[in-house]
Amino acid sequence: MATFTDAEIDELFETSGTVIDNIITAQGKPAETVGRSAIPQGKTKVLSAAWEKHGSIQPPASQDNPDRQDRSDKQPSTPEQTTPHDSPPATSADQPPTQATDEAVDTQLRTGASNSLLLMLDKLSNKSSNAKKGPMVEPPRGESPTSDSTAGESTQSRKQSGKTAEPSQGRPWKPGHRREHSISWTMGGVTTISWCNPSWSPIKAEPKQYPCFCGSFPPTCRLCASDDVYYGGDFPKSK
């Protein structure tokens, strides 16, 4: 799955907004006219056909004025009386250039919008392909990253050094005693008991004195030299 950073997501949103704006404004504004009202885009052909139809249909001369018909019988007809009925108004002659201009502007706007949309789509596809390729880059087989090798070496060195200095970091470890204390509250008051145990013995809640089984621990130390009983005998008396 492709992953995007915050900057790439912001750029994608901005690019998408530009594409939407280009789609909305692809048709553009109609060409402005000087001296007359603007004709809506796409209505030029309809208006021209209406003018031609209106010019071709004219009422008979007899219905306009009976006196004019009588005068026309007596006088020869002139070209000025027939030409207005055969040709459309002067404004219709101006329509083809306006129609051509509107179509040219419309075509230019659509072509520009299409090119802009194609550029935006190419940019989006490039961003998506780069995002997919970025996180999947792996080192060639047979070569391990430098960080992994150094990490492995440092781990091995720590393990090896730990073996030699496991008991203590500053001085060699020697078997000895550990002083333990027990405090209890009774009706007679507070009772305190203290004794020594070998360093290997476990620490438990109940007071217990452990003897040495391996012979490596001394029977007494400077802390328990004055105790009454040692190792395996009765529990030391309270003092």
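The backbone N, Cα and C atoms fix where each Cβ goes, glycine too.
The region 'Disordered' annotation in Swiss-Prot covers 47-111 (among others).
What Swiss-Prot records for 65-74 is compositional bias 'Basic and acidic residues'.
The compositional bias 'Polar residues' annotation in Swiss-Prot covers 75-101 (among others).
As annotated by Swiss-Prot, region 'Disordered' applies to 127-184 (among others).
The compositional bias 'Polar residues' annotation in Swiss-Prot covers 144-167 (among others).
Under the heading Zn(2+) 1 binding site, Swiss-Prot lists His177, Cys196, Cys221, Cys224.
DSSP assigns Cys214 (Zn(2+) 2 binding site) to coil, not to a helix or a strand. Long-range neighbours of Cys214 (Zn(2+) 2 binding site) (same chain, six or more residues apart, CB within less than 8 Å of its CB): none. The Zn(2+) 2 binding site feature in Swiss-Prot is assigned to Cys212, Cys214.
A sphere of 10 angstroms centred on the C-beta of Cys212 (Zn(2+) 2 binding site) encloses 17 other C-beta atoms. Annotated pair Cys221 (Zn(2+) 1 binding site) and Cys212 (Zn(2+) 2 binding site), C-alpha to C-alpha distance, rounded: 13 Å. Here the binding-site residues are Cys196, Cys221, Cys224, and the one with the most other Cβ atoms within 10 Å of its Cβ is Cys196.
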